[in-house]
Amino acid sequence: MAPQTNRKDLHLDAVLHHDMSMKKKTAGFESVEFEHCALPECDFNTIDLSTEFLGHRLALPFLISSMTGGARDAETINCRLAEAASELGIAMGVGSQRISLEESQHSGLGKTIRELAKGVPLYSNLGAAQLRDKGKLDNAQRAVEAIQADALFVHVNPMQEAFQKNGDHNWIGVLHAIEQLKPRVNVPIIIKEVGFGISGDVAQRLVDAGVDAIDVAGAGGTSWSAVEGYCQDNPHMQRAAELFRDWGIPTATCLAQIRAQHPKLPLIASGGIHNGLEAAKAIHLGANLVGQAGAVLKAATISTQLVVDHFEQMALELRLACFGTGSAKVNALTKARRL
């Protein structure tokens, strides 16, 4: 089994069967408290939860965020996620396509996933550090074409790589690679973190590089320091991974920083968002979409219906937050009053 494939299996085992969450740090949404509106002047049953993102209309402002399915179970997991996304009318991002491109393994990331995710946006995914390597920029368009994607996620994950055995430790030139990427792909480029967050300063550099959208993927949910520590056999790195378990910028902080500087930049909030109320708070802080990965992974290992049930519960809670703030449309949450 290839090293990358084995690592993906370890990731899956860690997230599904062990507590890989941050210990003390949260995503920061407890600091946002809506003011209750006793005269909402809207009908609960007709509240509009639909939204538009990068030119696509979505029934709900949700994204099935990029996640690893592991080599053994990737195809089943990705197919269930795609089926659920299509049924719900929400967007879906696939996990890293590095293995499928470099080792000729589909891992559920071929044309089938496009057929299952019919009628909804589907996003490709590659690591920024790998794109910097000579000759690898062309992999971006290959990744898009492999699944007929509507946009390309490029994940920036330096701290995860630092804790990873044989990870990409040299990040010199990564921003330049991102700048060079724009003319090589025919879809929008979305930069995302993996759970450590993107600051306002880094967002500015990314905007200057020409990216189309950002997924803040902030701290507060799964700790990828902890996950990589679990996968390590080096005791020094294991200890260091535990020390840095809570490293990162809370998701709410990322949103506030970036939205203040870029009022119109398409933003995705992910990282430590567990329910529809927290999704409402993320939208209030400026998110256009709300993504979940770890929170829905276990459901995806069981059935498509459980994934659908999960997001329908999220939608109910989001609708309640809209009603309680007098927001007839989900986008009106940006103007909801706070205590």
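Quick reminder: no glycine exception, Cβ is built from N, Cα and C everywhere.
ARG98 (substrate binding site) counts 17 other C-beta atoms within 10 Å of its own C-beta, drawing on all protein chains shown. Annotation source Swiss-Prot lists substrate binding site at ARG7, LYS8, SER96, GLN97, ARG98, GLN160, citing sequence analysis.
With a 10 A radius on its CB, SER96 (substrate binding site) counts 24 other CB atoms from all the protein chains. In this structure, SER96 (substrate binding site) belongs to neither helix nor strand by DSSP; it is coil. Taken from Swiss-Prot, the feature FMN binding site covers SER65, SER66, MET67, THR68, SER96, ASN125, LYS192, THR222, ALA293, GLY294, and the record attributes it to sequence analysis.
In the three-state DSSP scheme, GLU161 (Mg(2+) binding site) is classed as helix. Long-range C-beta contacts of GLU161 (Mg(2+) binding site), restricted to its own chain and to partners at least six residues apart, with a cutoff below 8 Å, comprise ALA129, GLY167, ASP168, HIS169, TRP171. What Swiss-Prot lists as Mg(2+) binding site is GLU161, and the listing cites sequence analysis.
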Taking the Cβ of ALA293 (FMN binding site) as the reference point, list residues of the same chain whose Cβ is under 8 angstroms away and which are at least six residues distant in sequence.
ILE64, SER65, SER66, MET67, THR222, SER270
